[in-house]
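Pulled these features from TrEMBL for this protein:
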DOMAIN    10-67  domain 'CBS'
DOMAIN    90-147  domain 'CBS'
DOMAIN    140-209  domain 'BON'
Amino acid sequence: MRQSTVRDVMTGEVLTVAYETPPADVITAMTSYDVSAVAVVDRDDQVVGVVTRTDVLSNIDLRAPDRHSRLPWRRPIEGPAWTVHSAGQMMSAPAMTVEPDATLAEAGRLMLRQGVNRLLVVGPGRRLLGIVTAGDLLKIHQRSDEVIRAGVREVLATLPVRDLALGVYDGVTTVAGTVPDARTATLVQRLVRDVPGVTAVRNEVTVKAAAPVAAGRIFQTAAK
């Protein structure tokens, strides 16, 4: 059975800004589209970084002005005071990226390792293809029991066993029946566990008992 990949769950539309975009325009874009991050691309649409809400807040001068001072340079100013002048100066780089054909497990491990909850999906030349979030990785488990059952049947059909009883309830999958050997029993457990949507496996298969060996008989030839 084909493993699900990032391509299966990613979002293809990603909000982007140019390296030279002013910080105020970055905020406008993020608030207008209600997103927590935007990708920063160069003139060839190659990903060079990402700007998150944390990056924005880290680059605003939040020092409180002296409202009682008569000195003009210490009076309140209109709007935020920026410590940078472009998205490129504000972004986190390099952006954490993943290829579209990476498995969901690979993407999840990368997120955990890098401490992020989103990855930009890039193709050849780091061209932006989409974005995948931690929530997207869980979508594959939002499958009906009937769909899961079909997936389990598909993987079990690759084994030299027949007539295994199969039950799926809320993702918990029960497999029962007889298999020829212990290796096959272990393989059933592993294959069923890896089917997208399966949350637990109850492996109730038994190993077929070996046929009893007939008692040997010793024949002696008569001495000549």
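Note: Cβ is positioned from N, Cα and C throughout, glycine not excepted.
No curator has checked TrEMBL annotations; they are predicted automatically.
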Across the domain 'CBS' (10-67), what does the mean pLDDT come to, as a whole number?
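Overall, the domain 'CBS' (10-67) comes to a mean pLDDT of 86.
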Tally of helix, strand and coil residues over the domain 'CBS' (10-67) according to DSSP?
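Going by DSSP assignments, the domain 'CBS' (10-67) contains 16 helix, 18 strand, 24 coil.
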Just give the helix, strand and coil counts over the domain 'BON' (140-209), going by DSSP.
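Taking the domain 'BON' (140-209) as a whole: 24 helix, 21 strand, 25 coil.
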